[in-house]
Amino acid sequence: MSTRNPQRKRRGGAVNSRQTQKRTRETTSTPEISLEAEPIELVETVGDEIVDLTCESLEPVVVDLTHNDSVVIVEERRRPRRNGRRLRQDHADSCVVSSDDEELSKDKDVYVTTHTPRSTKDEGTTGLRPSGTVSCPICMDGYSEIVQNGRLIVSTECGHVFCSQCLRDSLKNANTCPTCRKKINHKRYHPIYI
């Protein structure tokens with residue numbers, strides 16, 4: 001009696017075999033993606049004004065952003081000379097903010113300037129100190145206030161200028177320059193006589 005164990009063959013193969021996955025991919029159809037760009041038609045209305053802000057033109061451009069208020073540029077830039085130096089202007093660059101509202105009078109227009117006119121610089125009516133003056137960046141006193149109060153103008157090794165009292169008080173707390181934090185001590189600064 002010989003018993004044979006017949007081997008069974010599986011038909012169709014394994015469920016997750018590579019061949020099965022390949023057949024599944026080949027038989028399922030995927031919709032093709034169109035790679036062509038569709039043109040978009042731009043309709044330009046007659047009343048709209050288009051301002052190209054990316055180009056550099058020689059003429060100043062005025063843009064009305066709110067339809068009520070507009071900025072008018074009086075003088076935008078200085079014109080260069082042949083040798084490359086800029087011309088000096090006696091008037092300040094400025095712009096005028098005006099309103100279309102009839103209720104507002106012309107006296108209420110706002111003038112915005114980026115530079116101080118020479119007349120106010122000469123009179124000294126501005127709160128800003130002209131260049132060339134010495135002041136302490138800690139107490140904000142100018143040269144005349146420092147000298148009137150019996151203090152000295154002192155400079156550190158790193159070149160920063162303070163009044164003697166402020167620098168002395170600062171060095172009591174930290175042995176560094178108050179401006180650049182370079183290590184200094186009470187022997188590393190000296191008075192300046194102007």
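Glycine is treated like the rest: Cβ placed from N, Cα and C.
Keep in mind that this is a model prediction, so the values were computed, not measured.
Pulled from Swiss-Prot:
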- 1-12: compositional bias 'Basic residues' (COMPBIAS)
- 1-20: region 'Required for ubiquitination activity' (REGION)
- 1-36: region 'Disordered' (REGION)
- 6-65: region 'Mediates interaction with TRPS1' (REGION)
- 50-53: motif 'SUMO interaction motif 2' (MOTIF)
- 71-74: motif 'SUMO interaction motif 4' (MOTIF)
- S98: phosphoserine (MOD_RES)
- S99: phosphoserine (MOD_RES)
- 136-181: zinc finger (ZN_FING)
- C136, C139, C163, C166: Zn(2+) 1 binding site (BINDING)
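In the three-state DSSP assignment, the secondary structure recorded for C163 (Zn(2+) 1 binding site) is strand. Regional average pLDDT for the region 'Mediates interaction with TRPS1' (6-65) in the model is 62. Other than the site residues C136, C139, C163, C166, same-chain residues with C-beta atoms no more than 8 angstroms from the centre of those residues' C-beta atoms, the Zn(2+) 1 site, are P137, I138, M140, D141, I146, R151, F162, S164, Q165, L167.
Neighbour counts of Cβ atoms within 10 Å were compared across the binding-site residues C139, C163; the minimum falls on C139. Residue with the densest Cβ environment among the binding-site residues C136, C166: C136, by other Cβ atoms within 10 Å.
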